[in-house]
Amino acid sequence: MLPVPSKPAGGFALPGRSTEHIDGAARAALEGRRTGVAALLPFVGPAVIASIGYMDPGNFATNIQAGAAYGYRLLWVVLAANAIAMLFQAMSAKLGIVTGRNLAELCRDRFPAPVVWAMWIASEIAAMATDLAEFLGGALAFGLLCHLSLFAGMVATAFATCAILALEKRGFRPLEAAIAALVGVIGACYLGELLIAPQDWRAAAFHLVVPQIPDHAALTIAVGIIGATIMPHTLYLHSGLTQDRTAPRDDAQRRRLVRFSNREVAIALGLAGFVNLAMVMMASSAFHVAAPGMTDIGDAYHTLVPVLGPAAGALFLVALLTSGVSSSVVGTMAGQVVMQGFIHRRLSIWVRRAVTIAPAFAVVALGCDVTRAMVASQVVLSFVLPMPMIALVVLSARKDVMGAYAMRMPLRIVAGAATVVIVALNAYLVWAAFG
């Protein structure tokens, strides 16, 4: 039997955080006195926040390229990638619930010091690389939507992310509600895009379930979709956020909490999967004939307006802006969890925000190509990704860590195979980038 944590530990926390206003409903749900949707609601939040990592501006670029070049033929890749994402986010959440510690803390306690330091440094670099793509995407959208320069768009994005992060002072629920609202905006925008852009639904359904890789270039794009599926920071963050809830008092309550978490992962990552599928389908409708070589987000907007109209262009920019701002906020939260877990230190959130956005301002100041910078950031993530993935699989399978909740052999095989595939694809992506 595992020890029951007396209080949440290791999550993203700042002074003033309180869970008192949801304790009653959460306790009733854990004790079985609330059922159905009412039981799940007090625990909604961690997977919703993590799902932002699967709708960031990097996904926009990859999915636009896939739809423009190959129409619906790579939809099955998006579906497979989403299934893998669900598995690993569920594993991360379960690790946090069962142990009462986040992934970074467990790595610090279980792995040799040189490995821990290497993982921490790599994770901090990944945080800056992640924020580079997210911040530039938001700034680009701000600039196009409000007719601002890219630099002015970056300043506006910085203010927007800081305003959302400031909600943390009022407790974690307002911050989670704001992020959930942004997720809803992204979903609504792409639902609107699907309604505007004419679709061949029968062909889309066919390619969703029938795998095919038309040529070598399609393989490279497919690798980009799958290889960028699991974001390192979401694995660390999700394991910490699950602890910011009422702690289970016994094994029955812990099992119930794991079930609630799995349901939330299915819903939140299901929405993220819908958004990614919609991105590919919209790009197929708008660009597959008109601009099959489309790779640039800015060019995508300028091509989209004459093809589908100004409403489609506006929805695209709102979705991109919302994606950039929300994913930048989540990246900052993840950075706090990573530092606290690996070295038991915590920066002021405003200092962290300044440090992580500095590379984005440097890219613009030096006149670098924004799209190339975003691609380079994905290559950095490809180097870092194997560390948290392998650590998560290893720790989730250890009985001395998870007790009776350790992964059983069939799931170990699936998770291990998925890890090997993702790591191999990321290695291929790095090789292709330098080749």
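A Cβ is built for glycine as well, from the same backbone N, Cα and C atoms used for every other residue.
Whatever TrEMBL says is automated annotation, not expert-curated.
Taken from TrEMBL, the feature transmembrane segment covers 37-55 (among others).
Residues annotated as transmembrane segment in TrEMBL: 70-90 (among others). Within its own chain, the transmembrane segment (70-90) has Cβ neighbours under 8 Å at 47, 50, 54, 63, 200, 203-204, 206-212, 214, 218, 221-222, 225-226, 229-230, 234-235, 238, 261-262, 265-266, 269-270, 272-273, 276-277, 280-281, 284, 288, 389, 392, 414-415, 418, 422, counting only residues six or more beyond its boundaries.
Taken from TrEMBL, the feature transmembrane segment covers 111-129 (among others).
If you look up TrEMBL, you'll see 135-165 (among others) marked as transmembrane segment.
Look at TrEMBL and you will find 177-197 (among others) tagged as transmembrane segment.
Through the fold, the transmembrane segment (217-237) approaches residues 12, 49-50, 53-54, 56, 58-59, 62-63, 65-66, 69-70, 73-74, 77-78, 80-82, 84-85, 88-89, 92, 102-104, 123, 126-127, 130, 330-331, 333-335, 337-338, 341, 378, 381-382, 384-385, 387-389, 392, 421-422, 425-426, 428-429, 432 of its own chain, all at least 6 residues removed from its boundaries and within a Cβ separation under 8 Å. Annotated transmembrane segment per TrEMBL: 217-237 (among others), in sequence order.
The transmembrane segment annotation in TrEMBL covers 265-291 (among others).
Annotated transmembrane segment per TrEMBL: 311-338 (among others), in sequence order. Only residues 6 or more beyond the boundaries of the transmembrane segment (311-338), in the same chain, are considered here, and those with a CB under 8 A from a CB of the stretch are 10-12, 49-50, 52-53, 55-57, 59-60, 102, 104, 120, 123-124, 127, 130-131, 134-142, 144-145, 157, 160-161, 164-165, 179, 182-183, 185-186, 189-190, 192-193, 196-197, 233-234, 236-237, 240, 282, 286, 297, 300-301, 304-305, 346-347, 349, 352-353, 356-357.
Here TrEMBL flags 350-367 (among others) as transmembrane segment.
The transmembrane segment feature in TrEMBL is assigned to 373-397 (among others).
Beyond its flanks by at least six residues, the transmembrane segment (409-434) meets 84, 87-88, 91, 220, 223-224, 226-230, 375-376, 378-379, 382-383, 385-386, 389-390, 393, 396-397 of its own chain at Cβ-Cβ distances under 8 Å. Among the features that TrEMBL reports, transmembrane segment is placed at 409-434 (among others).
Among residues of the same chain six or more beyond the transmembrane segment (111-129), those with a C-beta under 8 A of the stretch's C-beta atoms are 104, 232-233, 236, 331, 334-335, 338-339, 342-343, 355-356, 358-359, 376-378, 380-381, 383-385, 387-388, 391.
When Cβ distances are compared across the two stretches, the transmembrane segment (135-165) makes no contact with the transmembrane segment (265-291), since fewer than 3 pairs at least 6 residues apart fall below 8 angstroms.
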